[in-house]
Every structure is written in C-alpha cells, then in structure tokens.
C-alpha cells in the first residue's frame, strides 16, 4: 500500500513539473524576457510592435498539436547612449529572471552590453545594425543586417568619387565611421565628407551653403530620422533647382517615404534600400492583427505599412519563440527546474545577481544562443537566418529609386493622351509610353512618372545660348530622362547623354498619291499602245489585200460553179472573204474558206504566226493591267526633285532636317538647299502644316521629313500620301539623360536587351502598321506601292459594250435584210409588200411557209470537177413557195458531166 502511494505521488510531482510541456495544458508557463528601449519618441512604434508581436505569439494556435512557448516581456525605457543607465537596466532585468534580452546599442554602450552579455552568458538580441569588428560577442544576435557593405557597393557601382554623409544622430555617426573604416580598409579612392546637422531645417540651410560654395551636383548619403529626412527632401523638391543632387537614404525603408512635391516637380534622384515587402501576405496579416488587437496600440501607423525597425522587432520575437520552442520540444525536462510559477531560477537561485562576487552565468545561455543561430523562417523582413557571428545572412535588400521623372513630348504615335478617367502613367499611351514600360521591366525596381514637356518641343539652341524644350529640361535637371523621337545629333550630344538608338530613320520625301482614275471603258486596250493597235489594224488590212491579190493571180484559187445562170468561174477570196479570213485567223476562230494556192497559204501562215505572238503578248499584259494598280509618280528620288522646279519642296523651319541640308556638302543636297532657301514659303512651322500642304497641293509640293513620321502618316486616313525613294541619310532616336546620369548605362543595357529580343520591332509594327488605317503593309518606296486587286466590271466594261453593240448591229442588219428581201420578193412575185412581209414573218416565227412545198427533188451528187479537176461539192434542189406560187432554186457547183439531169418543179 505504501509503495503504491509513493508511485502515485511521484507521478503527481512529474505531472506538475512538466505541466508547461503538455500541449493540452495550453500556455500555463510564460518565458520571461527583458527588453530595453531608448526613451526617444521615435522608438514608441518599435516598442508597440514588439508588444503586439508577443501578444500574437501567445494566442492559442489554430492547430491543437502545435507546440509554442508563451513569452512575457519586462520592458524598460532609458537613455540607450548612457553606459551607466544601460548597465543598471541590464542588472535589473537579470535579477528579475529572464531567458533572453532585447534592445539596441550605440557606440558608447556597445562595450558595456558586450561585457554583461558575455559575463552572464545572456543572449542579447539587438535591433541595431551590427559593428563588423573583432572580437565578436558570442552572445549577441542582430536582426538588422549589416548593410554598410551594401552601401559601399552602391557607391562603387555609381562610381561616385566624392560622397557627403549627412547625419544628426549617434547611430548616423556610427554608420559613417563604419563606412569610412571599410573605405580605408579596401583602399578605395573615395572621398567621404562628414556633414553633421541639427535637424531637417538645418540640413536644408547647410545644403544651400554647400551649393553656394560650389555649384555642382552632389552625391549625398542622408542618414537622418524619418521626419527630418522628409522635411529636407520635401523643401528641396519645392525649390527651383540649378544643380542636381543624388540622395541616398541610409535606411532600409525607402518605400515608407511619401515626399510631396517630388512627383510634381521632378528632377530629384532618390535611392535607397527596401527590406519589407508591403505586398507580402505575412506583413498584411500582422498589420491586420495589430489593428484589430488594440486600436490604441496602433499609434497612427499606416494601415498598409510598417516601419522596418518595427518589423525587425517583430522578427526578433518570432526568432526567440522558435528557438525556445525547439529547445523545449527537444528536451522536455530542460527547463523543468528553471521555470517554476513563471519565475526563473538559475542554478537554484531566483534570477541573476550582478552584485554577487561569485558570478553565476545563465545556465541555459549557451543552449539558447546556439538555438537562435539555427533558426530559419520567413518573417516580415524576408528570410531570417544567422551566421556564427550572430549576423543576418541570406537576406534580400531591394534597391529602389524614387519615381524617375520621364519627360515626353505629346504627338502621334509616340505619346497620346487618353480620354477618360485615368491617373498617373495610365493617362498616356503610344510607342514611347510602351517603350518606357518595357524599359521599366528590364530594370529592377525602376519606377517612373511620365511628365509631358512644358513647351511641347524636342529642343533646339536659342540665340542666347540656352536650350529649350526637352533638351533644356534635361540640362536644368527638371527631368531625369527623355523618351521621345529625339534625334541624336552632335550638338545635343555636347549637352546631354544619349543611349543606343532605339529606332533608325532618315530624311525621306513625302508626296501626294496620284488619284486613282476610274478605268476607261476601253481599258482592255491598255496592254497594247495605240501605235500597236493602229499597226495591227493596218496589218490586218494589208494582209487581207495581199491575200486577195495573190488569190486573184494564182490559178489554183479559181474554180467553176454551176448556178441558175449556168456554169461560172469563181474565186472564194473576194475582198470581203479575204477580210473575213484574216479576221477569223486573228480571233483564232477560223472560217469556212481556206487558201488553196501556195502563195495564199504562205500569206495565211505568216499571218497566223503574227497573230499568235500578238495575242499571247496581249493576254499576258492584260492580266497585269486589269488586276494591278500602279502608283506612278513623277518624283522617285532626291535627284528628281533637284532636277526640276515645278514641284516645290521644303522642311520644318529650324529642325534637324533643315540643318542637314544647310550643312551638307553633297552637290545634290546643296542644290536642293539653294532652291528651298530662295523661297522662304517652301518651309513650314510644323510637320502637321507640311503634311497638310502636301495634301492640298495636288502633287505640286513635296515635304522632306523623318522617315518614321512619314511612314506613320502614310498609314492614316485619308491615305492620300506616300513616301518615295530611299532615305537621304541615316540616324537614330535615342533616350536622353543628363550628362553623367547614373541611369545612362542602365538604359543602354535595357535598349540593347529589347533590341535583341525583337521587342522594338514589335512596338514599331504595333503602332505604325497594326493600328494603321490604310492596310498593314511596310513599303520603302513608290515602286513597292503596286497592289493586286480583284478584277472589276469597270475594267472590262468596254468588251461588254462591244458585245452589246455587235448584237444590236446584228439585229438591225437582220431587220434590214428582212425588209430588203421582202421588198425584192414582192416585186418579183408581183404581190403587195405587206403580203411579202407577212409571208416572211410567218416563216421566221413558225419555221413553215404559208403553203406546203408540193414536191422536192434531189439529184444525187456526181463527181464535181472544178477547173483544176478537183472534187467540189454536192448538188441539191429546193422548192420554195412564196405567196402561193412555187419556185425552185438550184444550188450547185458547175459539173462537166453532160448526162447529169435535174428535176425541177415550177
């Protein structure tokens, strides 16, 4: 019985000791931690976020099997730059009993903190940036990465020979000292100048005095608290700038800055690091929890943003929670004798006494710091991981540049203001807008704002030596870069920098298209000239006459025929039959007579050969003439313009095209410039005016303009202009930046990358041809403007007219023959004309005469012998009835057989 009671008592004791390890017990035991925060007002957000992170950690997990320790914080606010205050606070927290300590440090208190944490083996998680100096404290852990080396890399990347370091806090001075040590250690040729200021207003005054001494662009590292930094940059953005400074914000939260005036006025280069991604899901979850947990603890923070220092504190809480949880889960009895009733016992004594001569280090210090250096998770600041020194490793710093001011000039198709309710860059579309977007995709963290140039011009040199337009804004640093159809010239290259050309072009000639005339009724005759048609007609007549003559003189063309009047000697090739034969051969149809004689056959053969060639040539040309529309122009090149004076031509006044002709030493271009300068009215003020003049000139004016604009206008309605000839020169459009701008090399690489990918060609095709209104075609000269069309009725109307005329003529001739024959028959039959017409009409309509034929006799054919002795034809006899009278006609050739009898019926 006693043994049973002892066993039960032992089990009860074990249960009580390990209550905090049982998942079902929830969080019955809390792990105390200490925290020290500077009494400065700006640390309130950090402390509030730190406390909210502890609250979030201590809430019951959604997964009942999840094991997570509870944390309880003992916080003190003090002057973190006072070693005595820090030492007293450290001892106070140690004596209260803690597992680890949070805080920050300065150069004045770093040694004291190192000494206490090393002596008592107390893990110290610092929210300050580490100092990269040996010896390293074995019990220090830093959630803020050492980004001074990254800052040095940026200085080297931008090739800054002289850098100003502006600060007003102890931390800023420490960062300056670390950066200076690294520059000297690596023996870099970089001059780092320290600039101490009191606040933001004083920083502005100091900077103005610096500009007064040397009016040059400066590279300034700004290590000021957020309010002072905002004040400096906001006021600087409001002022008229004669110099351009590049500001680098020495913090990890550039995205937290909202600087009014920078976006409106532009001209400010602001660069910095980003470590917290506000779009990250975990960041959003924490901010929502913070706001929902305690509205009073929100302290006016942006609902969508969290300061990077606060994010570091949140990650520090999570790192300690993970480390303690791993230790507890790995050894359930590890903290059994240490944590009792939410009190910490070290080696049997409550807390740690700093005043005790016998130092008793924290018994779990080594295990906790070792576990902390092994943690790895995704926190608010990205990947959280530490090396053996306690420094952050494998973290990500994003380099940001606050919205680059991008100057563009409005004009189709480069930049078009969209109609509707759009904001920001969405207000614009066009080739340059798309190109800017493509470049932003090529450059990491590149943000920009499109700002149309004030005077709407690209930039030219004024009489007073200044530049206007886009070039002037770049020189005055009112814009950071310009993406526009800005031609790269030597004059502009002296005052601004250009990227590699993103588009090649040249001077070209624009003229008005010849108006398409409706094809003539006899357009089918166009394949052969009128001279050829006349020659063909004369050849037709000549061949017919020659055939008639050779047939008359050749005895083989004569033969004997028998008719009602007796045998007669006939020749088939009368003058009309000769014309009929020639016409039939020309039409490739043939006829019922053919030449018998050798001479006649020779005439026929050469005529057939002649017609074969003519008809074949005509057929080949007919297809092209009826289906191809040719845009013929009197001007095909610059030489054609220079050789004539009827068609006037000109350029835009003061433009680069006019400058090309002014400075050219080529004879043709010199002659053209002499012609243009002799009459100032030849030049125009804008491209639009020049194009309008071309359209109104009816082909009597040619406009010299850049080929890209020429091609674009030719694809717009009313589609009445065209480009002729090749380009007169070769040049390119480039992206412009101020001289020595850090963007120049990046833009160059981006343009080359887009060219290699074919993106530039795609953009040009999209805005010039896919969106064209005159058909998707790319042509370089008028010779390529021929277009194949389907055959229309107007092209072949003439042959229909001839067909209709022939049919009408045949009907008229049939009527004349009908009336003539009726009159002849009436006279011969001694009857009235009306009876003859009626009889003929009945025969024509019914196919039957008024009275049936009483008899029909047919004489079989005998051998018909002509004068040459050749067989000729058959003989037959017809009986015809006219108005009740009978008559017969005999159609026969002349026979020489005297025994042939004919039966005739009268």
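From the backbone N, Cα and C atoms, a Cβ is placed for every residue, glycine too.
Annotation comment: TrEMBL describes 485, 487, 492, 656, 657, 706 as L-glutamate binding site. Of all Cβ atoms in the shown protein chains, 23 besides its own fall within 10 Å of the Cβ of residue 657 (L-glutamate binding site). DSSP assigns residue 657 (L-glutamate binding site) to a helical segment in the three-state reduction.
Taken residue by residue with DSSP, residue 719 (disulfide bond) is part of neither helix nor strand, so it is coil. With a 10 A radius on its CB, residue 719 (disulfide bond) counts 14 other CB atoms from all the protein chains. Per TrEMBL, disulfide bond is recorded for 719-774.
Per TrEMBL, domain 'Ionotropic glutamate receptor C-terminal' is recorded for 399-770.
Taken from TrEMBL, the feature domain 'Ionotropic glutamate receptor L-glutamate and glycine-binding' applies to 413-476. Residue counts for the domain 'Ionotropic glutamate receptor L-glutamate and glycine-binding' (413-476) by DSSP state, with H, G and I taken as helix and E and B as strand, are 23 helix, 14 strand, 27 coil.
Taken from TrEMBL, the feature signal peptide applies to 1-19.
Sequence-distant neighbours of residue 662 (site 'Interaction with the cone snail toxin Con-ikot-ikot') (same chain, 6+ apart, CB under 8 A from its CB) are 673. Secondary structure from DSSP puts residue 662 (site 'Interaction with the cone snail toxin Con-ikot-ikot') in a helix. According to TrEMBL, the feature site 'Interaction with the cone snail toxin Con-ikot-ikot' maps to 662.
The transmembrane segment annotation in TrEMBL covers 530-550 (among others).
Taken from TrEMBL, the feature transmembrane segment covers 606-628 (among others).
Residues or ranges marked as transmembrane segment by TrEMBL: 798-820 (among others).
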Residues within 8 Å of the 485, 487, 492, 656, 657, 706 Cβ centre (excluding the L-glutamate site residues themselves): 458, 486, 489, 655, 731, 733
Whole-number Å value of the largest CA-CA distance among 485, 487, 492, 656, 657, 706, listed as L-glutamate-binding: 18
C-alpha spacing of residue 719 (disulfide bond) relative to residue 487 (L-glutamate binding site), in angstrom: 26
Count of other CB atoms lying within 10 Å of the CB belonging to residue 485 (L-glutamate binding site): 21
Distance, residue 719 (disulfide bond) to residue 657 (L-glutamate binding site) (CA atoms, angstrom): 24
